Each structure stands twice: as C-alpha cells, then as structure tokens.
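Student: Below are the features I grabbed from TrEMBL:
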{"type": "ACT_SITE", "residues": "His141", "note": "active site, proton acceptor"}
{"type": "BINDING", "residues": "Gly71", "note": "substrate binding site"}
{"type": "BINDING", "residues": "His150", "note": "acetyl-CoA binding site"}
{"type": "DOMAIN", "residues": "5-71", "note": "domain 'PglD N-terminal'"}
{"type": "SITE", "residues": "Asp142", "note": "site 'Increases basicity of active site His'"}
Amino acid sequence: MTGPVVIVGAGGHAKVVRDALESAGFVIAGVTERDAAAAARNFPDLPYLGTDEGLADRFAPTAGYLTIGVGGACSTDGRRRLHERFSDQGYRFARVVHRMAYLAAGVQVSEGVQVMAGAVIQPGASVGAYALINTRAVVDHDCFVGAHAHVGPNATLTAAVWVGAGAFVGAGATVLPGRRIGAGALIAAGAVVTRDVPDGLRVAGVPAAPLTPRRG
Ligand SMILES: CC(C)(COP(=O)(O)OP(=O)(O)OC[C@H]1O[C@@H](n2cnc3c(N)ncnc32)[C@H](O)[C@@H]1OP(=O)(O)O)[C@@H](O)C(=O)NCCC(=O)NCCS
C-alpha cells in the first residue's frame, strides 16, 4: 500500500494510530479534527487539515488513504459512521498493522483494519474490514472478527471465537473457545464469556451475565 495517510480525529486513539503508522513506515499527510486546539496539542508537528467537512478540497480521495483516529470507549458506532461517510466519498482506508504486532502466515486482514502494538493474530484467523485489534489483544487460531468490531486492549479471543459485526470486546475480557459474540454486542472490560452472546446484548462479569439497564 502506498500513498500518504490522513488520520481522521486527533484524540487519544489517534496517538496510538500515529505510532502504528510510523512503525510501519507510512507517511502521515496530517490530521483532521473538529477541535483545532486539541489537534495542535496532540500533534504539534503534523499538518492540521481542518475539520472532516470539505476534506476533499485539501486531500482528495485519490491523494492517498485515511485511517480513523477515533477509538470509542465502549461503542463501535462512531468509527463505523466515519468509515461509511468517507467510503461514500470515495476514500480508501489504510490497513495499519503495527510493526510490533504478530500476524501468523495466512492470516486475513481486510481493508481499513488497525492492529496495534503487541497484538497477536494466530493461524486461520480473519479480521473483517475496518475492525480494530487494539494493544496486546489476542485473536487466537481460527477466530473470526467481523467488520467494524473492536477487540480491546489485552482482550483474548481464544480458539475459534466468532465476533459479529460492530461488536465491542472490552479491555482484558476473555472469550472461551468456540463462543459466538453477536453483532453489536458489548463485552465489558474484564468479563469472561462462557456462553454465546446474542446480538446487541451487553454483558459483564465472571462468568459474563447481562448488564442490567440503569433505572431512571
Ligand atoms: C460495561 C461498560 C460499557 C458500562 O459502562 P456504563 O454503561 O457507563 O455503565 P456504568 O459505569 O454506569 O456501570 C453500570 C453498572 O455496571 C457495572 N460495571 C461497569 N463496568 C463493569 C465491568 N467492566 N465489569 C463488571 N461490572 C461493570 C458498574 O459497577 C455498575 O454497577 P451498579 O449499577 O451495580 O453500580 C463499561 O464499564 C466498560 O466495561 N467499558 C469497556 C471499556 C474498555 O474496555 N475500553 C477499551 C477501549 S480502548
């Protein structure tokens, strides 16, 4: 993949994205950000390309690639919306794999995926478009991670786990072998998932159980 990359959003996750990009030898064209002061604070040495609006005037879809600098503390919706919005405008997304991540031979990683430092993806695994495999996450053999899903820092998907589109696996969570995490489901930080999780359900704890919605 050639061509410079723009980081969309200049908050905390963007710092991690920048590190991954630089480790992998990408040239960074600049950052977009609604809050110009945050961009200047976090990236004083990178070109500020203004807000997302009208980016095409400053960085055309043919000029290179984008990558999303927004993490999402417990939801994948914001990242998905950004990917969809810019894809509709004709942008392509870089496949960003940190130099210190380990991808076994034959692992499939789709367009727009981010794999951060220390992550391990083992044989037979595949990672769908725009998914985020965060710092030190483990995607062990024969796992499937759906499009736009987020496997959080230090989370472990043991063997042959299936993660649906847009699901969120929180930091340090463990999913036991062969379990299915439904599309849009949320696994709280530190949970141990012993049973399949239906689409959209939020679970927490050891063993993981549904989070009760707050009253009022
Ligand atoms: C599950 C989670 C999304 C809940 O967030 P929330 O909706 O704001 O919920 P609250 O913090 O108001 O907590 C609601 C209840 O769930 C409990 N809870 C929250 N997180 C929990 C967790 N990880 N494990 C067990 N219980 C948890 C709270 O103690 C609280 O219980 P209470 O009602 O008895 O007091 C959040 O705590 C979480 O785990 N997020 C993942 C963060 C993460 O991994 N980020 C990595 C991105 S880089």
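Yeah, the Cβs are placed from backbone N, Cα and C, and that goes for glycine too.
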Student: Per DSSP, what is the residue tally for the domain 'PglD N-terminal' (5-71) in helix, strand and coil?
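Tutor: When I sort the residues of the domain 'PglD N-terminal' (5-71) into the three classes, I find 26 helix, 14 strand, 27 coil.
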Student: Using the alpha carbons only, what distance in Å do you get between Gly71 (substrate binding site) and the residue listed as 'acetyl-CoA binding site' once rounded?
Tutor: 9
Student: Out of His141, His150, which of the recorded positions is least crowded by other Cβ atoms within 10 Å?
Tutor: His141
Student: Measuring Cβ to any atom of ligand 1 with a strict under-6 Å cutoff, which of the recorded positions Gly71, His141, His150 qualify?
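Tutor: Among the recorded positions listed, those whose Cβ sits under 6 Å from ligand 1 are Gly71.
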Student: Which has the fewest other Cβ atoms within 10 Å: Gly71, Asp142, the recorded positions listed?
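Tutor: If we count Cβ atoms within 10 Å for the recorded positions Gly71, Asp142, the smallest count is at Asp142.
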Student: Which whole-number value in Å describes the distance between the Cα atoms of His141 (active site, proton acceptor) and His150 (acetyl-CoA binding site)?
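Tutor: That separation, Cα to Cα, works out to 18 Å.
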Student: Do you know offhand how many angstrom separate the residue listed as 'acetyl-CoA binding site' and Asp142 (site 'Increases basicity of active site His') by C-alpha?
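Tutor: The residue listed as 'acetyl-CoA binding site' to Asp142 (site 'Increases basicity of active site His'), Cα-Cα distance: 17 Å.
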